[in-house]
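Trainee: Supplied in C-alpha cells, the structure appears directly below.
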There are 2 protein chains.
Amino acid sequence: MSTNREDGGSRRQGGAAFLLAQLGAHAAARFAEGIAELDLTPAQAGVLRLLARTPGRSQRELADELGMPPSRFVPFADKLEERGLIERRRNPGDRRLYALHLTDEGVTLLSALGEVAAAHEQRMCQALTPDEHEQLRALLARMAAQQGLSPGVHPGYRQVRPDRVHRPREPHSPEESRTPDQGGND
Amino acid sequence: MSTNREDGGSRRQGGAAFLLAQLGAHAAARFAEGIAELDLTPAQAGVLRLLARTPGRSQRELADELGMPPSRFVPFADKLEERGLIERRRNPGDRRLYALHLTDEGVTLLSALGEVAAAHEQRMCQALTPDEHEQLRALLARMAAQQGLSPGVHPGYRQVRPDRVHRPREPHSPEESRTPDQGGND
DNA sequence: TATTGTTATACTCTATAACTATA
DNA sequence: TATAGTTATAGAGTATAACAATA
C-alpha cells in the first residue's frame, strides 16, 4: 500500500496514472470524432503530420514509427494516395524505396486538421484556467520526456479504426438515436 | 539534468490534449505490463475493482459499465470464476440475474493489484515533485469530472487484450532507466 | 411480453510469411 | 544475399442475433 493519503476522493478516482489513462482514452476518442468530419482516422492524421515535419520518408520508416507492420501500411498509404493527400515518388538513388510527400491538397487538409486540434484542445481543457492549462501542459511534457516518449506519435496510431466511444453515463449529449427496430425483418 | 527549454519544443510535442492521449496510452500499456505479472488484464482488474466497491452487481450492469456487450462478458466472467476470483450467486428475488461477488482469493489479489498500481503511479510520475504530483492529480480529477467521466472505469476496458507496447526508437534507448527484464514478452 | 444470461455465427482486423524487384 | 514494397492467408477478436429461463 502506498504511504500517500489514498482515502476519500483520491482513492475513488484513482491516482494520477489512472486519470491519465482515462482522460487519455477520452481525449483520443473525442479527437477521432473531430477529425472524422474530415474523413480522417487518428493514424492518418498522424502520418500527415509526420510527413509535414519530415517529407520524403520511406514507407518502411513511417510504418516503423507508427508501429504498424509494412504489410498493413501499404493499403493504408494507398487510401491516402487515392484521395490525393500524399504522393509516392521513386527514389532515383535506390529504386526499391518510395519517398512519400504531402500533396498541396494534403497540406490544405493538414491545416484544417490543425484547427480541429485547436478546438479539441480547448474542449478538453474547459475546466482549467488558462494558467492551469499551461501548467498542465508543462507537467505533461516533462513526464512524456522522462518516460522516453517520442514527440508526435502515440501508440493509438497502431489502430486503423478509431476507438469506439464509451458513454457509461452521458450528462450532456444528444443521443444518437439508433432505431431499435432495424426497419425491417431480416 | 539540463533541460534546454525551447519554444519549438513545446509546440513540437503538441498541446495538452495530445500529451494526454500519448501519456494515457503509455500509462495504460505500462499498467498492463505490471498486472500481467498477476496474470490479469486491465479489463479484469477493472471488474475486480468495481466488485470491490459495489458487490453483488449483475453481469448486465457490469458489462454495460465496462462497455462490453453481454455476450462478451460471459466468457470474461467465466475465466475469473474458474480462477476462483469471483463467484456467481443466484439472486433469490429475481432468479434471472446473477449477483457477482469477490471471493477471498479475489480480495487478496485485489490488494496485490493495489501495490502494483501504487508502484505504477510512482513510476509514471517520476519526473514530478510530490507537490507537482498532487497538483497534477487535482487538475486531472477536475477535468475528468467536467468531461463527465465516471470514476473507476475507462474505455480501455473494452479491449480484452492489453495494448501492445509501441517502441518507435528502441535501438538507442537514450536515457531510459528501464530494466529489460519486465514484460519482455511482447 | 420484457429481461437476464447464454450460445452460435458471420464478419473484421491483424500478423506472418511468401513473393517481386531492386540493390 | 539482403532490403523495400507487395500480396495472400490463416487466425484471433468482435458484434449481432437467435435462444432458453424467468419475471
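Quick reminder: no glycine exception, Cβ is built from N, Cα and C everywhere.
The shown structure was predicted, so the numbers you read here are calculated from the model rather than taken from an experiment.
Marked as domain 'HTH marR-type' by TrEMBL: B:13-145. Per TrEMBL, region 'Disordered' is recorded for B:147-186. Among the features that TrEMBL reports, compositional bias 'Basic and acidic residues' is placed at B:160-179.
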Trainee: Mean pLDDT, the domain 'HTH marR-type' (B:13-145)?
Mentor: 96
Trainee: Using DSSP, how many residues of the domain 'HTH marR-type' (B:13-145) fall into helix, strand and coil, respectively?
Mentor: 91 helix, 11 strand, 31 coil
